[in-house]
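Just below is one structure, and these are the notes that go with it.
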Amino acid sequence: MDSPSRRPSLKKSSSSSKSLKPELARSVLVCNGICCAAEIPIINRILEPIKGVKKVRVNVPLKQILVDYDATQVSAKAMTKALNVENLAATIKRDGDDEQMVSEPNTYPKPAVVLSGVCWLVSMLSLAEGNLTNLKWVGLASVAFGLPAIAIKAIRTMARYQFDTNCLMLFAACGAVALQEYTEAAALVFLFAISEWLEVRATARARHALSAIVHLRPEKANLVHPQTRQLVVIPASAVPVGALVSVKTGDKIPCDGIVVEGTTTVDESSLTGEARPIRKGLHDVVSGGTVNSGMTQIMVRTTSTSENSAVSRLIRLVEEAQANRSDTEKLVDEFAKIYTPFVVLAAVLMCSVPWAFGQETGRTWTENGLILIVVACPCAMIISTPVSYVAGLAATAQNGILIKGGAHLEALSLVKHICFDKTGTLTNGEFALLSLEDFAKNMSRKEVFEHLALMEERASHPVAQAILTGARNEKVSIPKDTELERHTIVAGEGVLGIINGREVHVGNERMFGRIGLLKDVPETVRAKVESWKGLGGTIGYMSIEGEGIVCAYCAADGVRAESASVLSRLRKCGIEVTMLTGDNRDAALAVGAQVGLSEQEIQSKLLPEEKLAFIESLSSGCTGGSILSNPCGQRRLVMMCGDGVNDAPALAAADIGVAMGAGAALAMETADVTLLDSNLEKLEYSIKMGHRVTRKIKENVAFSLTVKFVVLGFALAGLTHLWAAIASDVGAMILVTLNAMLLLPKRQR
């Protein structure tokens, strides 16, 4: 990104989510010189010593580098220049750029590779019976066409005191030529060159899947001039907060905002994965990047800039998620660091020591040593993990699920206990005021409603919206001359404030039990309250200084249609479920009965700190350690799923915090997993994707190692040839990449 953009705090304990300090900037560098994980230490060695660079993360499949740095000490341009000194072909990715900045694979291999292949096929005729043995010399032409590109990369790598796959292939090819095995050398050079082309084409599919996320960002906006009311077309990035924009049929909404004129339907599928168009009318919230799919133009008052819109945050966080490397990925890399030098050393010994026992013995073992050098190439093993993560993260992002990185995606497969918030998670979060009983001696029902609406106007809980709607239904409006002071939200209880000099409390039974006013509720109202509880309603009261409790009310919230079936399927997967709520026991039991929860699976009347304590008690029952330090382990993790606003402490305490629905936009940069709409089936999908990704990683690593050891065994037994070794290595790399691509939706494979 071209400008040093500031970010708000990201999150808590996990290294993949630590906050970017306010004084730091972040840039994405596209580096076409990245071919495998071997370049990661090279890039780190170049960038980390630069003064001002704080953190470097490399994404191999996407060929991107995410850098956090102090913009007062270093610039993105300077970092790019340092990378290009080492011929890494780096450029700065600017806002609005898409994945096309990465050099796309050619439709066909380069001419030199094609000529190398033709010459190799001709040289293969030398193996046939007859007088064609001289055709083996054509293999030298194949080497001449294919080897220079490999040699240039290898020499550049060795000049940096590094060692990579190109070096291995160069040594093996030179060794084969020295032994006059020209056909073998040609096979090695051509198959390695074609493998690079095939691997780039395969991983490009994952890049294309992620580019669909980048394309969500709107490019232009129809700004309504405040004086003339004329439309002015400007870049979406230039739209200020509070501006009025016109969104015509088929246009993207440029920024987050509120509809102030018109009614239409909006296609949010690209952002949330929800295929059904959503109706939007007066005062409804709309998100930047979504499309006006209705037949009516709407006017939107913007509430954010394009850079700070939900879709821009999504794009930034998807990019960051791709750069976050898991410990499984690092473990595979560490294994490769040990495996490759060990095998190379063995190959060197095989190519040198046996010559002391005669020329024929030396030649035979040298051939086996060259095969061993090919087997030492760790590409298939190294690429197997990151390409699986990229495919899994792309698939979930396109389904409206943002996962903060491979570590969290993998951790989803280890979840064994999920705690759900009630309101807005298992329920719709759309309360309706069912009943209000007023019993004030010196106030009318209208005055009671006015005080109640004034107190709840600034509250964020869904019950507050139900009360405001109820007041409007009774034709009650908030008097403009009424003075509200010291308005305070009491977590887990309600709100308090001072209206016209008198203290007012609005909240649940816990609040009024604490201040000792529940005894003032008339017996007739008590009976009514008990009947409300039986219906599963949320009960609240309001008291006014000098009047005592003046009313009791009941608000109800409907259960999500999919809640019961999702919880049932989670149980069948061996996952325990618990509902956590601050609501009364009767209301909690009523909702629990509708979603299939037993009394033991319901925790009610919990304060935020009590939810936190409950989550911590579950976590302490696990085997301990961080999710990032147990790659592919068997730890039983605890997940908390809530709206991301009122459940922040519990989300932070859980091993995996999931924010969903209305609070998702606010929690996008703090939760480990964000569901961009309110469908609980997305949670189930993300857990299944975690299992699929983990399974793919295990399959790919196991397959890669099996191929290596089988070829190694054949090599030591003298039962294989150099061309077969390189073919098996190329085949393994292509197969593990294609296997990972199965994680993508069918249309993108």
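Yeah, the Cβs are placed from backbone N, Cα and C, and that goes for glycine too.
Unlike curated entries, TrEMBL annotations are predicted automatically.
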*May I ask you to indicate which of 134-152, 229-247, 647-665 is given in TrEMBL as transmembrane segment?*
134-152
*Between 338-357, 369-394, 701-719, who has the most Cβ pairs under 8 Å to the transmembrane segment (725-744)?*
369-394
_Local confidence of the domain 'HMA' (25-91) - pLDDT mean_ = 85
